[in-house]
Amino acid sequence: MSKSIEQFPKDLSSPLIQLKSSVEKNSKLHIKELFALEPERFQNYSVKFDQLFFDYSKQRITKNILEQLVALANNKQLTQWINRLFSQDKINCTEQREAMHWALRLPSEYSKFPELTKQVHIQLQRMYTLVEKIHAGQYRGATGEVIQDVVNIGVGGSDLGPHMVTHALADFKVKTAKPLNVHFVSTMDGSQLSDLLHQLRPETTLFIISSKSFGTIDTLSNAQTVRQWLEKALGKHDRVVKSHFIGVSTKAEKMNEWGIAPDNQLLLWDWVGGRYSLWSCIGFPIALTIGIDGFQQLLAGAHAVDEHFQNTSFERNIPVLMALLGIWNNNFLNIQTHAVLPYDGRLKYLAAYLQQLEMESNGKSVQRDGQKVELDTCPIVWGEVGPNAQHAFYQLLHQGTQAVSCDFIAPIQRYNADHFTYVENAEALIEQHHLALSNCLAQSRLLAFGNEALDVKELEKLPIYKQYEGNQPSSTLLLDELNPYNLGMLIALYEHKVFVQSVIWNINPFDQWGVEKGKQIANQLLPILNGAQNDLSTLDASTRGLIKILLGKAE
């Protein structure tokens, strides 16, 4: 249990004190015993919504604990905070901004915020126009050749979300007049760019500079390198930059200075946080891959969850339940690491995306009022595609000393839709999908029940090093299939989970001040490494020593 709970005043009516008491009463209760006590546990601890099914019966909770968690949410005024989120209230208190990523997926006919909806759809329509032009082979480079490769240059929210979704929905790639490939570059060291550029032709390559501030050094250093690459091949003409770059940013003036043509500038707003921005024109690579209809389905899925989140009682509200279960595991069971385990290779980049979404949002230690937090905040979030992870770190999950909570994620169906082109080996692929599903179920069962999941006769002969303690809590999210609509739903679930937890912890999930100072210090060190400055006197001994090694001046 989190040590910070011990500091609370002994107000016996406080939901936190009641939850602490529940830990003391139920700490030795095993998941297998919870199922024995409640024959209808699966039905009682699962929710079906639209094309999603959420099973949390393998969590270490009881009906009483769930009621206390809901009471905690009410005590923290969660309903009022949800209403504030879905308004134009400046709930990003440290930056005095709204947090309106939900507005990016409003239907065009939405009447509650007509001006806001209009602004969003103007920019989306401008993006759709470019998508149609590129798909039709009508967008041409400086030499008149058709664009066949598009490279997204971004980092953080301008890379992780679009990259994750584009990879996950590759099966839904639309046909274009000429083959179109979408690539992603993010690392500031240039290694990705170096590997990619020799595969591309300058005449047929378009670059997206995706940066909310249009000032991120990682992104602009890569952009400057490709600009030099293009100008070396095609000449230093204005038309080269105007034809081969699209900008996505809040800063039109900076895009103008860089030379990007006005028609190739797609605008964001300050109220869109980077890690919440894939629904905006930051999602341009997604729309290029799955088409306008596919992108609109992605938005529709997220909007459906927005409606579910606002209008469903907490007891049946999936993002609220996900958040409260995380609070229970982290703050009361002292489980401070959480694994995301998708059993579908298309979700390869989901864990990395959720790491940013959760840890950059809720990795805070100061409350909204400027006081230190009273509870531990975000756990360490990590993960991998489940079948691969089984051969990497499941040993620790099953027999290690760390308590870990898990999310298992899987599509129910695959290889059965008309657009799939697997007819010649469909039967074998369906069998492989079933193999992945069977492993997903087996692992969650073994983590929960431990030895109870084993054959009794087998258990009698097993040495202790082959036995399983179990009692590792997990939830399972099943999607009818992995398509744009359902992926939009899945992402929005996690967005709102993060928000609910921020309310419980009384922190601001929409800033990221912790990442700012490191960038500034790097800018101070760069002139030293470049030889423009040699004063190391203000640096610590370790940094001085490392710089000397890097410069070949080690003593």
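Note: Cβ is positioned from N, Cα and C throughout, glycine not excepted.
Feature annotation from Swiss-Prot assigns active site, proton donor to Glu360. Note: Glu360 (active site, proton donor) has non-local neighbours Gly156, Arg275, Gln512, Val515, i.e. same-chain residues 6+ apart with C-beta under 8 A of its own C-beta.
Per Swiss-Prot, active site is recorded for His391 (among others). Around His391 (active site), taking its Cβ as the centre, 9 other Cβ atoms fall within 10 Å, counting all chains.
The Cβ of Lys519 (active site) lies under 8 Å from the Cβ of Ile217, each of which sits 6+ residues away along the same chain. The active site feature in Swiss-Prot is assigned to Lys519 (among others); the stated evidence is sequence analysis.
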